[in-house]
């Protein structure tokens with residue numbers, strides 16, 4: 001398969017992966033309306049073309065929390081990344097480091113913190129869920145500190161799991177799921193060898209280290225379901241703010257009032273996110289939610305955004321709408337599944353090229369030059 005654009009990796013991943021894994025990363029909740037709107041609404045944002053400007057010194061570099069980024073992108077936390085390529089978290093982290101951007105590790109990664117952190121020199125970021133098991137939360141935060149993690153990304157939009165109907169049909173869950181996954185793996189021998197056999201252990205590494213015993217993937221849904229905490233409030237986050245020395249980012253903000261609460265709480269950043277359309281279907285796309293949030297809190301903290309970003313042009317659109325930096329989730333996992341770490345590197349090269357074209361033709365020589373003036377209209 002020819003990869004000529006960043007969006008080509010989705011088809012490549014679909015061809016290589018067993019359906020239960022492809023649809024797990026590709027799908028959304030309920031009728032997947034928000035999932036679709038994320039990409040559609042962002043694609044409708046019209047860039048303002050400007051010409052006859054000297055763009056010879058164009059730069060994509062930016063700085064977040066004192067950390068230099070080669071471009072305003074970080075790899076987002078994605079659960080089970082290690083099921084998409086052999087020791088996938090390690091491969092993705094190395095690719096991000098090589099391209100000069102941060103890698104964010106998920107709480108529910110296959111590889112544990114202690115495996116990924118030593119594989120790279122650049123400090124990684126770490127994502128944590130709000131869980132009933134506060135002992136686990138404290139344990140994993142202590143381990144993240146010891147591993148040199150700089151930035152904590154705290155996910156707050158999963159007090160309960162979203163209803164992802166596609167998973168029931170694909171074999172990720174539902175009747176006879178384990179048997180269905182085995183049959184699917186047999187029909188995808190490349191994945192079965194590279195990940196199914198050579199990528200073991202298939203553990204939830206961070207959880208297994210805490211529990212002192214292997215955590216099979218079959219335990220994934222059950223453990224998370226039992227530990228989501230719908231009682232969580234801003235007050236419950238205070239001990240984490242006190243415990244964590246570095247920057248703390250609140251992920252899952254879609255409303256300007258919640259963004260203002262994050263400022264009052266003392267967060268260093270927020271992620272404008274609807275969890276990639278995987279939680280509450282029917283909410284705003286991030287492209288629609290971002291402008292009013294940026295109007296409310298821009299300059300008070302760093303604004304990240306995810307959900308629906310598939311190209312370098314999309315990154316430029318999000319920055320023009322008010323974001324300081326973007327997070328890539330599905331996009332990098334598609335590339336990882338298709339071509340491993342080399343695929344992620346190539347994907348980021350494609351994003352780089354796409355951003356440079358968009359910025360050249362909008363007259364933005366630096367990331368700071370991107371603003372609402374770079375758009376024809378705000379959707």
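Counting starts with 1 at the first residue shown.
From the backbone N, Cα and C atoms, a Cβ is placed for every residue, glycine too.
Marked as active site, proton acceptor by Swiss-Prot: 275. Residue 275 (active site, proton acceptor) carries a helical DSSP state (H, G or I).
Counting only same-chain residues at least 6 apart in sequence, those with a Cβ under 8 Å from the Cβ of residue 24 (substrate binding site) are 80, 167, 170, 172. Residues or ranges marked as substrate binding site in Swiss-Prot: 24, 129, 164, 278.
Long-range Cβ contacts of residue 106 (FMN binding site) within its own chain (separation 6+, distance under 8 Å): 77, 78, 79, 80, 81, 89, 127. Residues or ranges marked as FMN binding site in Swiss-Prot (evidence: sequence analysis): 106, 127, 155, 251, 306-330.
Here Swiss-Prot flags 1-379 as domain 'FMN hydroxy acid dehydrogenase'.
Remark: residue 278 (substrate binding site) has 27, 28, 29, 35, 162, 164 as non-local neighbours, by Cβ distance under 8 Å and separation of at least 6 in sequence. Cβ-based neighbour count (10 Å, all protein chains) for residue 306 (FMN binding site) stands at 27.
Taking every pair among 24, 129, 164, 278, the residues recorded as binding substrate, the greatest CA to CA distance is 19 Å. Secondary structure from DSSP puts residue 326 (FMN binding site) in a beta strand. With all protein chains in the displayed structure included, the most crowded Cβ environment within 10 Å among the binding-site residues 164, 310, 330 is that of 330.
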